[in-house]
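Novice: The structure is given below, and queries will be raised subsequently.
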Amino acid sequence: MWVYEKKLLYPVEVTTCNPMLAKYLMEQYGGADGELAAALRYMNQRYTVPDKVIGVLTDISTEEFSHLEMLATMIYKLTKDATPEQLEKAGLGAHFVNHGHSLFYENAGGVPFTATYIQSKGDPIADLYEDIAAEEKARATYQWLIDISDDPGVSDALRFLRERENIHSLRFRESVEILKEERDRKKIF
Amino acid sequence: MNQSQFRGTYRPYVSPRDPCPPILEKTFVLPPQLFTNFQKPGLPQNSPEEALKQGSLWPQFVDGFYREEGIS
């Protein structure tokens with residue numbers, strides 16, 4: 001069960017009308033290494049990992065949903081008042097025809113989200129290493145988004161999100177170390 | 001071969017209302033490469049025949065996996 005707080009994890013300020021930037025941000029909204037994929041991946045894997053690391057996966061998944069909400073806010077603000085002509089110029093013509101001004105889970109190239117973006121192998125080490133890789137890929141995606149963004153408010157939020165990926169990666173690495181301590185436990189006791 | 005040093009165990013939560021007979025202790029694999037960040041030179045080696053059989057020139061990196069372990 002979750003308790004919802006009606007505020008964002010980190011304030012999102014958007015200073016320009018820039019539907020093109022919104023299109024790029026969709027990579028982290030509905031892309032393979034995006035926040036939706038991350039949240040769903042961890043929330044699903046959490047059931048079949050050893051007890052000691054269930055909490056890490058649940059907590060990080062929850063935080064990823066709060067990141068998803070920040071991305072949604074940015075994309076919404078960047079596109080809400082754009083005319084169909086402006087959207088078309090930004091490469092969002094096909095998006096507008098299908099979805100109007102609403103958001104949709106698709107990547108920057110317009111490819112819709114698919115469950116094949118995530119994995120669940122049922123082997124704790126395989127799953128945690130996938131999670132570490134996912135965090136590093138999300139960090140890299142944020143770097144390229146920061147490089148391409150010309151909106152200082154959006155860039156500020158993206159830098160915050162990028163730093164969170166670093167911490168998540170560390171937490172998953174620590175989870176691997178915790179499991180390594182379980183090695184040969186039967187013999188010790 | 002002693003696999004137990006490359007296995008971990010944990011005791012998942014068991015509910016009195018579990019529909020299937022609960023497995024009290026679960027085992028998972030902690031493969032040997034997890035404990036070697038960079039392979040040292042001069043490790044003991046298998047004979048060529050044994051290396052072919054085991055899938056590794058170095059016995060240190062073989063942990064085996066048998067259905068009888070009951071991991072799954």
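Placement of Cβ uses the backbone N, Cα and C atoms for every residue, glycine included.
Curation plays no part in TrEMBL annotations; they are all automatic predictions.
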Novice: Just to be sure I read the record right: A:Glu35, A:Glu64, A:His67, A:His168 are listed as binding Mn(2+) in TrEMBL. Which of A:Glu130, A:Glu135, A:Glu136 is listed for the same site?
Specialist: A:Glu135
Novice: Cα-Cα separation of A:His67 (Mn(2+) binding site) and A:Asp59 (Ca(2+) binding site), in Å?
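Specialist: Per the Cα atoms, A:His67 (Mn(2+) binding site) and A:Asp59 (Ca(2+) binding site) stand 13 Å apart.
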